[in-house]
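TrEMBL has this to say about the protein:
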| type | residues | note |
| --- | --- | --- |
| BINDING | G43, A44, P45, G46, S47, G48, K49, T50 | ATP binding site |
| DOMAIN | 22-319 | domain 'UvrD-like helicase ATP-binding' |
| DOMAIN | 375-676 | domain 'UvrD-like helicase C-terminal' |
Amino acid sequence: MTSTPASAAGPDRALDASHDAALDASQRAVLGVPEGESVAVIGAPGSGKTCTLVELVAERVLVRGYAPGELMVLTATRQAATQLRDRLALRLGVPTNGPLARTVNSLAFHIVQGAAAAAGAEPPTLLTGAEQDRIIAELLDGHLADGGGPSWPDPLTADVRVLRGFRTELRELLMRATEDGVSPEALAELGRHHGVPEWVAAGQFAHEYQQVVASFRDASLDSAELIAEARLVLVRGGAEVLGAVKLVIVDDFHELSSGAVNFISTLARRGVAIVAFGDPDVATTSFRGGEKDALGRLGSVLAVPVGEPLYLENVYRHGPGIRGLVDRTTGRVGAAAAGRQRAARSVLPPRPVPAAHVHPAAATAGATVAALTATEATAATEVEIATATATAAATGAATAAAAETVDEVRVLQVATPAAEVAAIAQVLREHHLLRGVPWRELAVVVRSGALISSLARGLALAEVPTKTLTGGRALRDDYAARHLAVAIAVAIGVRSLDDSVTRELLLGPFGGLDAVSLRRLRLSLRQEELAGDGNRTADALLTDALEGPGRLVTIDSAPARRVGRFADNLAAVRALHAGGATIEELLWQLWNGSGLPEQWLAQSKGSGILADEANRNLDGVLGVFTSAKRYVERYPNRPATEFLVDLLESEVPEDSLSPRSVSDAVVISTPNGVIGTEFEVVVVAGLQESVWPNLRLRGSLLHPDRLSAVVAARPVADVDERAEVMGDELRMFALAVSRARTQTVLSTVANDDEQPSPFVRLAPVPVPPVTAPVAAAVERSGRARWVAGHPLSLRGLVGVLRRRLVETGDPGAASALALLAVEGVPAAHPETWYGTLEPSTTEPLVDLEGDPDAMVDVSPSKLETFEKSPLAWFIDKVSGGTLGLAAGIGTLLHSVMEEVTARPDPDLSVTGLWSELDERWGELDFESAWLAERERLRTVRRVEGLSQYLVEFERLGGELLGGEDSFTLDVGRARLRGTIDRLERWPDGRVTVVDLKTGAYAPTGPAVVEHAQLGSYQLALLAGAVGVKRPADTADTTDTTDTTDTADTTDTAHTTEVTAVAGVAEPVKNGGAVLLYVALSSGAGANKVLYKLLVQAPLDDEAAEFFRTRITAGAVGMAGTEFPGREGLDERDPHGSYAYRIHLVKAVSA
């Protein structure tokens, strides 16, 4: 749809002088077309085709006296039909018996339905693309299962025929055959005649497919069959269903499929005049059977005499800059039997944003970007004025947005995809905040629907509200729709409740947990299970909790209560299903009982990423309800289980009539989604080589495009398929860039891995060098330089003001922040800032000065952590740390080694150790099957190393004195607590401490000498503190003060030669300490071993004193009040992870 600069949709009842004056000579020529004459009206994008169409309807009704029922307007899309219907009703201002504008499919259904009613038959049911895909999939699966079906040629093997891409091409071929009137038998014959064996097999398949569809109780037609059936009704003399229609006007004729064109031809042959508007240069449906050259050869297409084509001569939508870009693009494709429309030139000079779009605050002296961003927080005028005044003081600058002339074409070239999203967000916010352009008048167009989701999320994070056109996505791929369907499927037994489904549901919107809450609930369930002497895993306990109500009543926590309510809701759905409820009733029970309607509705009324997500979620849920309603109406006797199976297995989007959320938001779409629309600003994003243009040949498996050419007797041997695809890509690009009224922005990424699309070079402006996102956004803008670097968002504004306040103490920034805080802008009030409040306490963790008897618990394994980063030690001590997968596997290996070696006659072979570990493998939680398999293989390698060491130790006559022996040793004010993995005695009397390590990174030689954990163990051995068993819950990794059954010894030993080991009568010799790495190997050739030993020599007096000093110093530090972190650590360093680095950020944040 296009528009002229002067409105042509006024409320007048007659075609008065004002409306006539709004049209140029070429447009008025269309109004003068004689009655009964068919003609093509061809115009470039923005030349006023739809405006002329509206005036043509008004001229026929208001001047020539047509009754509204004597003409009809057809469009290619439902969105265009809706907009045109409203525009026509406003322009005419007269009552009508029905909508004047509708789609071709809508008219075809009306004709077929009317014919069925006249014959006393049931009207047919429209078969959706998703339903058609399911039928095809079931037939193909059946053929593979029983070995039957057509004889497909060799390239189309069974592996190919199970792919969605094959089904898509097969469905396309069947629809093309229907549109062209080719029966299954004729399709097979064409295949034999033209040497296309794929058509022969497809013809045989089509015959079986038609038999299956014909067996349905209700007559079912897909969209192609519907149009073909409507044609047959007209051919057989059923034109009375059209009533008195004598003129049909078609908008966007170039987007019609061949079947729709044939249907229009049938109307023309029945005496209906056809006026077809369009432009083949922006046709986007060629690869789906569209006939881009149909306008240029309208006479032969309609098979009736037609007038000379009429060409619109002027472009009114945009200025010469955008027009030049469109012209440079369309000049590179074939004329498609037209071409004169390319001579149209813009009659508009470069223009500023229309005054109606300039924000009032932007035209006021002293108003700044803050005034405009504050508009998003509140609609109150006094708030805008107050915030504008405060921020003007902070920035000391004003905008001149009202008088600014923008560049019609801009190019953004940045270094990374993330920078591209940031640059696009900056451009959109500039137009909205500085120029007052409504969000809904901004659009982002990408080549592929796969890019929409990530782009929408990135823009939402930048506080740009978005709405996506999701018609190209199956319901099962929508987040909210999928979770709703899966929850119902689990409740009524369609899907089993295994561990992965349980986790998916609990982390979804209906379960309502996040990862932390889920972990807490798992720990609570496991703790309760162990207390009752049970041995079920946490996953099994979670699954059990969802299988019935009231199974979490014994756990008093927020996650347990939330999951309990979800389980009760599932039980209610289960009970309804047992009583025979419909799928609509089941959906309503789960939805209404979830608490999500109120939550999402409230969020959808706000702004930002939460509002965008809420709107998308509501759209998805509404789509499920609409689909369920249609299912119940069509199949009232079918069970709910069939609906859920169809929804969860369907890979093809449904043509949904469900209403979408209406909000002021940026549209993100593919070129198909913006047919018949226009916006103030359009950003064409993702212009990368191999992405746009995408030169992959379509229909390479079954050649549906070739079928249409064969049927039309067009030569196919000389067709350059690659050039045809490039032409289609250029037409889509021309469509996208021509949607803008004021500015078209081309966005691309340029780096070593990604190259810009060649389409970028079509821009009539120089391509700028790669820039940072903000700099790219303000390039050549002509605005005040203070805009550069400003994020143009409330959050960004607060950050800028806070930084200015901290760095300079600017009172203007403080005043602006105060006003923003009064209006409730997040993070503006100092009480929400980190680092500004006084510490909650300055008391030490342990009061060593005030309590002379106080001792500080020190863990040998944590001493080095404290020395390297006191902050990391403190956070781990307070939060308990996170037991990752590697730590879990390590704990399991330690436990298996302890249990097996404690037996009288242990099986130390790889098989023996692995069998023990494999029995407990289920205790570990893996995110995916491939990760579990990878870790299993790695763990087998560790078991091999451990087995080799243990066997070799026994062969050499070693004796295990103890395993997992706990000790307590006082060293000054430090109370050293730890657990030794193995205490080994060798035949020469040496006693060695062995610490098992399952990691893959080992310390170097000097680090082993000063290894704090090994040194601490040796001190304990020297002091005779080792050898008494203690409970496992007082292990090394826990800093507990419980000393029950633990040897409590004061470090007074001063010899490294002989010491006593608790529980061993005879004196022993200290043999040092060893780190045993079972994931590393050492040696080579015949001397290669599957483990690695790092030895710390026995401590002499000097070394022992060195470790005592370290332990004492560590204890004093651990008892203190401040715990500094270390900056500059690599992210791969365990002490440099995000959990620690976040506390080192200097800038205050909220």
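Just so it is clear, glycine is given a Cβ too, placed from its N, Cα and C backbone atoms.
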Report, as a single number, how many Cβ atoms besides its own are within 10 Å of the Cβ of P45 (ATP binding site). 25
At a 10 Å cut-off from the C-beta of S47 (ATP binding site), count the other C-beta atoms across all protein chains. 29
Tell me which residues of the chain lie with their Cβ under 8 angstroms from that of A44 (ATP binding site), as long as they are six or more apart in sequence? D279, D281, L312, V315, R323, V326, T330, Q341, R342, A344, S738
Relative to the Cβ position of K49 (ATP binding site), how many further Cβ atoms are located within 10 Å? 27
